[in-house]
């Protein structure tokens, strides 16, 4: 097959750039950026990268914390494979020029919810930005890597039962074209923009996951949508809610309700350091009992210099955008969609059920996160799986996936139950608000069945897309329906999925 490149990567986040830099320099590599090279969800990551680094920690402890957070649904073999590469991943990032914070005896490690010890390597509270800046410098030094900006991947091209490239939309001209490749990699992030309130940037419209579904790839665990407990309860900017890092609670931040009472000890023995799903549901429960739509996160009992040193971007944002000085005042917070725990089914090397197609980062479901992601495991997964993927591609290793049976689109026969309530008019804000209500932290059978019926109707009535926005809407609908169906099929309350009728 004549190809335009050896490896075609749709996405420009941490996993995508790590893969490109880890492949042999003899490979012809193309990176498709939906917007600019430096515009990606990875850049907004605050917390850090979890790895068993210190003398008081070890891989077994990290594995145990990950399995507990994942609520029994992690793939333990994948967990061990990925976490065992934590220290080499940090060392690789150091070699790329990432200047992690230091203490007197080495890396400065912080602690976050669900972790039993300090193991989070970080750069203040803007780790993602620092990491991405370093990798972009390295990318621009590689003549074998071509970067195409403002290019949107639309669909997977196949030949003889294997992926052979992508159909792409040039967002500058709205023209489509094909790129053929020996290896195709989807690394376009999650589906956060199906919700009205999300920490993800506007580009996270589930493009890669939707493409994979249309191509018949195996996907799994899409019901497990992680809601971060502490999004800033102020107006969002550019469709993205500002995140208040897990590390604020890790460094002693206290959650209080409208009455000024600390409430987390009533919900979990780990209090503010419980896993994200537990803290998010607890905050939602407290908000339901009070008149204000937020709770307070207070770190002001720590020395002001400590707060400014550890959380400079949070301090700066709250002061400039909200007039809040977090060294003296509590931060108003509420849960916000943050991460897609499921995705395209892969092994730890990123290999999917479709030959020559790979998926990495939040797009993929390796089994590491199970029903709920442990804080700061996602950036680690990006680096480790991308490096393993590079090795698999270079070595020509094949992955024999289990046969995949696409779930039937059940409940379509019941759509008539809600016929009086369904809306024919579709818009992105309407979809996002609808999903926030029915596919949010707290779900129920009636809401999920109504969601499936409504989403199927919108999907059936959708016109053929021609513009970038229309293609994004197609993907948002595809992903929304997949989440709703997965949530309805899950008859157990576990991790990030909670159905009051189960």
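Sequential numbering from 1, following the chain as shown.
Each Cβ is built from the backbone N, Cα and C atoms, and glycine gets one as well.
Taken from Swiss-Prot, the feature FAD binding site applies to 12-15, 34, 41-48, 207, 362, 378-379. Around residue 15 (FAD binding site), the same-chain residues six or more apart in sequence whose CB sits under 8 Å from its CB are 42, 187, 360, 361, 363, 381, 382, 383, 385, 386, listed in sequence order.
Listed in sequence order, 47, 50, 120, 246, 247, 249, 250, 273, 375, 376 are the same-chain residues at least 6 apart in sequence whose CB falls under 8 Å from the CB of residue 112 (site 'Important in orienting the L-aspartate substrate'). Per Swiss-Prot, the feature site 'Important in orienting the L-aspartate substrate' maps to 112; the stated evidence is similarity to another entry.
For residue 276 (active site, proton donor/acceptor), the same-chain residues that are 6 or more apart in sequence and have a Cβ closer than 8 Å to its Cβ are 69, 113, 114, 226, 227, 228, 229, 246, 338, 372, 373, 375, 496. Under the DSSP three-state reduction, residue 276 (active site, proton donor/acceptor) is assigned to helix. Annotation source Swiss-Prot lists active site, proton donor/acceptor at 276, citing similarity to another entry.
Around residue 42 (FAD binding site), taking its Cβ as the centre, 26 other Cβ atoms fall within 10 Å, counting all chains.
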